[in-house]
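Have a look at this one.
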Protein chains: 2
Amino acid sequence: MSSGKILVAQGGGPTAVINQSLAGVVLEARRFRHVTRIYGALHGVRGIVNEDFVDLTQETSHNLELVANTPSSALGSTRDKPDLAYCHKIFEVLRAHEIEHFFYIGGNDSSDTVRIVSEEARKAGYPLRCIHIPKTIDNDLVGNDHTPGFPSAARFVAQAFAGANLDNASLPGIYVGVVMGRHAGFLTAASALGKKFPDDGPHLIYVPERVFDLEKFLADVKAAYERHGRCVIAVSEGIHDESGEAIATLLAKEVERDAHGNVQLSGTGALADLLCDEIKSKLGIKRVRGDTFGYLQRSFIGCVSDVDQREAREVGEKAVQFAMWGDRDGSVAIKRTGYYSVDYELMPLEAVAGKTRVMEDEFLSAEGTDVTDAFRLYLRPLLGSHMPDAYRLRPAPVEKILNK
Amino acid sequence: MSSGKILVAQGGGPTAVINQSLAGVVLEARRFRHVTRIYGALHGVRGIVNEDFVDLTQETSHNLELVANTPSSALGSTRDKPDLAYCHKIFEVLRAHEIEHFFYIGGNDSSDTVRIVSEEARKAGYPLRCIHIPKTIDNDLVGNDHTPGFPSAARFVAQAFAGANLDNASLPGIYVGVVMGRHAGFLTAASALGKKFPDDGPHLIYVPERVFDLEKFLADVKAAYERHGRCVIAVSEGIHDESGEAIATLLAKEVERDAHGNVQLSGTGALADLLCDEIKSKLGIKRVRGDTFGYLQRSFIGCVSDVDQREAREVGEKAVQFAMWGDRDGSVAIKRTGYYSVDYELMPLEAVAGKTRVMEDEFLSAEGTDVTDAFRLYLRPLLGSHMPDAYRLRPAPVEKILNK
């Protein structure tokens, strides 16, 4: 006799559309007659081991639709990375509550948690269907054309750089914008989609897929500044030297900023400030400004891709359909089938869990400071409808009288 | 015999709607038969002394409309603050080009430039009409209900905090967001409009109108953290101690960050990082994150108030009408006439020039870390249509089995 109980949870960093996937799971699961309860765990896996469950069967579909359009994880999230013992506890709670279907919306770490819980259940002979639902602004899940959350964050980054470029053109100088992405440069590279005119910034883009060399960086900036009279630079927080050491840490050591030389990558403006200091002191340029996009790029309310919204909803729906009509656990993956259309597959958990995708070589230019047309073509449809557009005056110069 | 020549320029920091005012001037001026040429000066007053003029008479009205919807100064801007000699040069160029009407879109400093140029013309007996058109995200021009550019920046700040609050609720900890505003706290206070539910952040707001006391700040943060299990804080870049010294400078001295103890307020993440360090070390809270909104808040493309767009267009139009139908120089000011409607007046340049408005006392709560309902009522209509809204699950708890 089936209990008909489902559990859904959200893990890792929030995105603009992660609640679409939650709504997709809940609303699709309600269509199945044998589903008796849909539980949500508060704050991800931590909420599971603590049995902090809420009954989503008692939520209106109207409010679920409104929550779907609200950014950040409505159930709360966690940074806990469960080990084997932790996963065993998760399984014990699922068994105690007679959960038969477990859906976990998250990134790399979350997929690995689903993999281990799935194995625990199999070893114990307990019939538990485990489905991982993809989500990450980093776009670093293997096997996916892209991941829900990334398109909306990419749209924010593109719009931010489009605006920063206009600001920089108005009051010329150097502008450094630091973007999230520890291993994969997709989000930083999205800054290129903010360009319209040939002399628009970002003029230089630095991603973790290429080794960062400070001398080359300064030479690049100098050349761009001499050419344009200004320079807009997109930098990934994850840039590192040949040995893999983070540039933020290296520069911090140089200025002996603190006793340990440790610099946190996210949630501080350290990398932007350190790079600006280098440009000011080594190139002697006066107007140098740095911004760290920080939490704005993943949490800003009111900047979302409609394509991303639709797909995030669909991966939630498909997860339930794969669970109900399929016969195996897995991770839902987005596959591109046209320009632009997608379909969804259920990949083996082992194929996704704990693996990191980085930018394909064909997406980065030979000199390593720009993206290719292949990347522009890849990203453009994901950004969605109604991208704001920048226009310029096309003015006729007036003859000088006094300064002839 | 009239030359029929008009000059328009843009000064100071760009805004999301400053090109609306430019389009307002150009399109309205075209309606007057005796206007023969409409010149634009590139990069503000610097473009005037260098005679870097473009002929806007040869720009299509269609493209002017598209430029009007593009953020940042389309003519370019400058940070030059002209003294008497500089203003004399401006006047000499205007006279050489037989300019009869001078429109300068800008903030405090720009209005002072207009005032001096107006006096120079009067002393020389040259018939020059000088009109200052208001613009500043700081909202610190006296005599105005509010200034064009502020509503759109305020909307960005409110949306940013609404999102940061959701992120912080999902992954609890301390979040510090640093907002522009050296003397006036209006923009920082706008963060309060991102709140919806009673326990939403920002839980604490610090503006330059109140003396900042580090000990009290830490006590406030501790109390909010104990109450909510998290804390979202909005801080103005201009917060200072009793002597007027910037907190960023004070904290930097304390950690002996550099040899001079000088910290630039804008374009660095220093203040946010220093406040986070204080919270971490003094309160022993682990998850503390800081963002400096930086240039995003004034340049982000795609976040604009339609009310702000309309009014920025109208101050440009009204400037031309005041110049053509009126008999004196002045500064266009926005007056509130209903909830919500406005009208425009031409104020004497001396009444505006070089003066700074700060937040009225009735806008700040007694404890100094929140705004009043009077401020909410003041700001809400300015933010415009279609403000994004946040929704929550209203869940029913599930009984625990293992952790009873």
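Along the chain as shown, residues are numbered 1 onward.
Heads up, the Cβ atoms here are built off N, Cα and C, so glycines get one too.
Worth saying up front: this structure is predicted, and the values here are computed from it rather than measured.
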Among A:GLU237, A:GLU360, A:GLU362, which residue does TrEMBL annotate as binding substrate at the site that also has A:THR136, A:ILE137, A:ASP138, A:MET180, A:GLY181, A:ARG182, A:TYR295, A:LEU296, A:GLN297, A:ARG298?
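Candidate listed by TrEMBL for the same site: A:GLU237.
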Tell me the Cα distance separating A:GLY13 (diphosphate binding site) from A:GLU237 (substrate binding site), rounded to the nearest angstrom.
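For A:GLU237 (substrate binding site) versus A:GLY13 (diphosphate binding site), the Cα atoms are 16 Å apart.
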Measuring Cα to Cα, how far is A:LEU296 (substrate binding site) from A:GLY13 (diphosphate binding site) in Å?
12
Does DSSP give A:GLY181 (substrate binding site) helix, strand or coil?
coil
Are there any residues in the same chain, six or more apart in sequence, whose C-beta is under 8 angstroms from the C-beta of A:ASP138 (substrate binding site), and if so which?
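A:ASP138 (substrate binding site) has long-range Cβ partners A:GLY107, A:THR147, A:PHE150, A:MET180, A:GLY181, A:ARG182, A:HIS183, A:ALA184, A:PHE186, A:LEU187.
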So what pLDDT does the domain 'Phosphofructokinase' (A:5-322) average out to?
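Mean pLDDT, the domain 'Phosphofructokinase' (A:5-322): 94.
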Name, in order along the sequence, the recorded positions among A:ASP109, A:LYS135, A:THR136, A:ASP138, A:LEU296, A:ARG298 with a Cβ closer than 8 Å to any chain B Cβ.
A:LEU296, A:ARG298
Would you mind reading off the Cα separation of A:ASN108 (Mg(2+) binding site) from A:THR136 (substrate binding site), to the nearest angstrom?
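About 8 Å separates the two Cα atoms.
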Going by a 10 angstroms cut-off between Cβ atoms, which of the binding-site residues A:ASN108, A:THR136 has the sparsest surroundings?
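Checked A:ASN108, A:THR136; of these binding-site residues, fewest Cβ neighbours within 10 Å: A:ASN108.
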What whole-number Å value do you get for the CA-CA distance of A:THR136 (substrate binding site) and A:GLY13 (diphosphate binding site)?
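Rounded to the nearest whole number, the Cα-Cα distance is 7 Å.
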